[in-house]
């Protein structure tokens with residue numbers, strides 16, 4: 001792989017981990033559901049909206065595109081070694097699923113690795129398709145996502161207000177008490193054994209789960225397929241010659257920001273708010289990729305690039321460590337700061353954690369080529385102890 005492309009991909013992956021961390025800080029701080037029912041002062045409300053518009057849901061798509069990109073590059077490397085690629089992909093998918101299950105069960109609920117493992121399995125039929133075909137299928141899945149999004153936005157489930165469901169209010173109060181003051185054993189039991197009364201009755205909950213099961217793979221699929229297609233056309237190989245494309249696509253940044261801001265302005269009660277937010281987030285992600293590519297070789301970015309790239313090289317280890325660090329800071333078995341910091345303080349703390357990860361990652365890579373979890377996953381995927 002072209003060395004400039006390797007460093008850029010690592011840098012983009014490292015940047016996406018910063019956005020993922022800052023978005024997840026709201027969940028670490030306030031909980032999966034409490035974060036949507038906060039009563040804040042004017043400054044914190046403004047900071048929350050900045051996070052929601054600029055960051056939330058727009059960096060995970062970048063990570064997803066890169067996952068599809070890296071999957072094709074891994075397959076190319078496997079085939080150069082004359083190894084059967086489908087078995088390698090299957091083992092990698094199983095490895096991600098297992099890591100995701102362990103992560104969500106023992107550390108934190110907001111795991112993405114399990115979904116990535118499942119999507120890897122679902123994408124096997126697309127591996128040998130041409131880039132044009134992958135782009136077409138990405139468009140098809142996007143259209144399906146739009147249709148399902150419109151349908152689901154018109155159901156009563158989407159209009160449910162958690163604060164109007166007594167069982168949900170009680171659950172959020174219990175979650176706040178347990179996560180803030182509970183021991184690891186108590187928190188583990190609560191996360192894994194206490195049911196979430198999402199919508200008050202079993203019938204509505206069943207409808208919601210059915211819709212969620214239908215939409216989830218379709219939401220991820222276009223981004224994976226775009227990443228795979230970009231790898232097929234050798235994107236980011238000649239970055240200086242591709243500046244025109246980056247400049248053009250970077251205009252998606254203001255478009256995405258406008259759509260996401262409109263979604264927040266309209267509010268959850270509006271039928272199309274979710275659709276505007278979803279498409280705005282994905283367009284913004286593509287715009288961010290193009291903007292980062294356009295600015296990557298600028299002197300300002302190159303000064304910090306080695307640190308961002310180091311985070312990206314150890315992305316799996318750093319992703320899990322973000323969960324370990326933040327749950328230790330906020331949960332009762334650590335510092336117990338759950339629901340005690342302001343939104344702006346959480347953003348500042350997230351930046352500090354990321355800077356620490358960047359420094360440690362840069363130092364670590366002076367002595368090793370891969371992170372500990374990267375090595376374990378590679379060992380399982382390739383059945384090789386080679387570092």
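Keep in mind that glycine also has a Cβ here, set from the backbone N, Cα and C atoms.
All TrEMBL annotations are machine predictions without curation.
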Segment assigned the feature transmembrane segment in TrEMBL (from 174-197, 342-365): 342-365
The annotated transmembrane segment range in TrEMBL, which must be one of 112-127, 368-383: 112-127
Chain residues outside the transmembrane segment (318-336) and at least six past its termini with a C-beta under 8 angstroms from it: 17, 20-21, 24-25, 28-29, 99, 103, 107-108, 110, 112-113, 178-184, 186-187, 311, 349, 353, 357, 361, 371, 373
Surrounding residues of the transmembrane segment (89-106) on its own chain - C-beta under 8 Å, 6+ positions past either end: 71, 74-75, 112-118, 120-121, 124, 127, 188, 192, 316, 320, 323, 373, 377, 380-381, 383
